[in-house]
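Quick notes on the structure that follows.
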Amino acid sequence: MKKILLGASPFFCMFLMLTFISREKPIQNLREHTVTVQHGLLTLPAHNDRDVFNIKGQWHFTPHQFYYFRDNTRPLYAPLPGRLSETSLKNDLGYASYGLRVVGLNPNRVYGLQVNHILSSCTIVINGVDRAGQGQPGISAKTEIPGKTISIATFKPSKNGTADIIINISNFHNRYGGTDKSIILGSAEMLNRSFVFNLLFYNIASTVLLLFSMFFIILHLNYKKMPYILWFAFTAITISIRISVFYPHILAYIWPAIPWKLYFILRYTSMPLAALFFTIFINKMFNIQYKFVYRGIIVLCLLSTAFIVTAPTLLVSCYLYIQQALLFIAIIYDAAIIIRALVKREKSAVWIALVLCILAGFALYDTLVSQWVVSGKLLLQEGAMVAIIIAVIMSIDGYAKAIHQIEQLVEELKKIQTALRRFFPNQLLMFLQKNSITEINTGDSSELSMTVLSIDIRSFTSISEQLEPDEVFVLLNKYFALVAPIIRKYGGVIMKFLGDGFTALFSEKPDAAVLCGIEIQKKLQEENIQLRNLPAIRAGIGIDTGKILLGVIGSDSRLDSVVISNTCYTAEELQAATKVYSNTIIISESILKSLQHPENFHIRCIQEAPVVTETEQTIIYEVYDCDAPDIQSKKQKTASYIEKALKKIKEKNYANAQTYIAKSLEIFPDDPLALYYQKEIQEIIYNLLRERGSQNSPSFLYL
């Protein structure tokens, strides 16, 4: 639950921010009044800037004419808001003028007249001046340019406090002509502030939905066992687009030149595409489907989308009810799937049921609004916003549970590694002079001269944390498939696993262990083992030789092999030292002295002063045969300078040591060893100078 709350907190913050902004909506501080127009005349009561009037009633009406306040020959009236078919035109296709005289205005005040989206286009004329418009009205489909946004016409009344308003309307691209929204009259400043607020609010809402969808997509890319998440992301993107093309028409302000046809397509396709994506999401989430119905809905949604894109807009709008019917068929089908999921007690079924109820309720309301059964604005996008926030919480809940399962798998991996230590390789049986594992008993032991190779994967913890548990196995299997045959090739046996590393024993001469280490490093460089574009596996190797005590400890129910030897400890210390000196293979002085053919290797001393282990001191050397030829050449050229520098360091002659290191860096500027000692010498000199203070004589550096 903690992970759910933490993961959902950014989305809760966004939702709270939107809620806070909505509470500060400027129009909420206004007084709204509904006033009625009588025979083209509206008389306003006394008012101030805080008063806003919703205008409804009978306007003057002049069919087949533009810029006519009224027809003086035969006075006609028509309701506004209302459809063209409710006028003397008796048809939603056509053009006409609506006229209204408003009296009782303050001649010293600037007013605004807000006309919501009219189908298909309009111009607003006040006191003989064109003040605003939506598209361009025409006398035919060819001359008409449909509008995309609402209009706010700003004006000052005549000196006598009156205003003559003409709204020219034409419709040749939609099934309905006119508007079902009230005409709003009020302070121009307050109406504009209210609209800007709505523009900001819905812009943020659209952005939040896009962020949600990006969250889902990233979730899908990082956890592919939840493929249904991708389809919910597509649903969120579709709803975000729907928000941008409905009131307050964000997209039209972001992209003023957007073609009306494209704008129309985006508005209408948001319905079948949302139904399509959400239905696929439901089916993939619960893996429950009625194949015939499911495929039918998919095909119908795709056909509906294709129809919207290719058919004339008037034809598309006339068949809107078919698209709405398809939406409800999809909702009913999704509800059936969710009911089955609830019966089967599928995880997240309750969450999705809640999401579907919200979407279905708002979809029903929007259908009634679009069919002009009720008057109001379309609210599906708001409902979808709430539904998607719920789905985000659901997804985080599922993801948290998935992470918990991963953690359990990681623990299982550790248990498997522990169980593997119970098995004895055949070589261990030979070392203990046994023919079968059944002959192994507690207390069996043998003292042997062995070469010990310790190897550790670099940065394995950070890499494994970014992988799925099964991917960790894949990575380790690739690694062991590469390394284990090389160990066996040179007569070695992996003795024990130490987390992301292991220890191997070699009964042959140390040459075999060194050759093994070189080949391992070369193979790792060649194969470049990696997953998900994470860093490739690299390893550090330490090698020592000496006496070891190999034995068996445990009880009748649990046996394990153990090596008791300082040689193993030294090999592990040398392996750890590869991180310090930034190299790949480090051997002890005992190895160097035991090599049959040291001339076959590229070796250089990397620390002249003995390294103190638990019971002995050893000088350490780097084997750099696995380096690139040009690097080997540079290291050979600088070997004498490095050797002299190390001797001077041993003698505490830091000034001369610094000189030799500088000469080495002139030949090989990127030599990690030289850079390491350069830094060490500088720190030593600095500390000594600080201790002595005023002693500045160069001879001081020969301490």
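In case you wondered, yes, glycine gets a Cβ from its N, Cα and C as well.
On a predicted model such as this, the values are computed, not experimentally measured, just so you know.
Residues or ranges marked as transmembrane segment by TrEMBL: 199-221 (among others).
Residues or ranges marked as transmembrane segment in TrEMBL: 228-250 (among others).
For 262-281 (among others), the entry in TrEMBL reads transmembrane segment. If one looks beyond the transmembrane segment (262-281) by at least 6 residues along the same chain, the residues whose Cβ comes under 8 Å of a Cβ in the stretch are 146, 148, 173, 228, 231-232, 234-235, 238-239, 241-242, 244-246, 251-252, 294, 297-298, 300-302, 304-305, 308-309, 313, 316-317, 320, 323-324, 326-327, 330-331, 333-334, 359, 384.
Per TrEMBL, the feature transmembrane segment maps to 293-315 (among others).
Per TrEMBL, transmembrane segment is recorded for 321-343 (among others).
Per TrEMBL, the feature transmembrane segment maps to 350-373 (among others).
Summarising the annotation, TrEMBL assigns transmembrane segment to 379-400 (among others).
Under DSSP, the residues of the domain 'Guanylate cyclase' (451-575) split into helix, strand and coil as follows: 54 helix, 42 strand, 29 coil. Residues or ranges marked as domain 'Guanylate cyclase' in TrEMBL: 451-575.
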#### Entry: Intrachain residues whose Cβ lies under 8 Å of the transmembrane segment (293-315), provided they are six or more past its termini
93, 141, 146, 172-175, 261, 264-265, 268-269, 272-273, 275-276, 279-280, 283, 322-323, 326, 329-330, 333
### Task
Restricting attention to the domain 'Guanylate cyclase' (451-575), give the mean pLDDT.
81
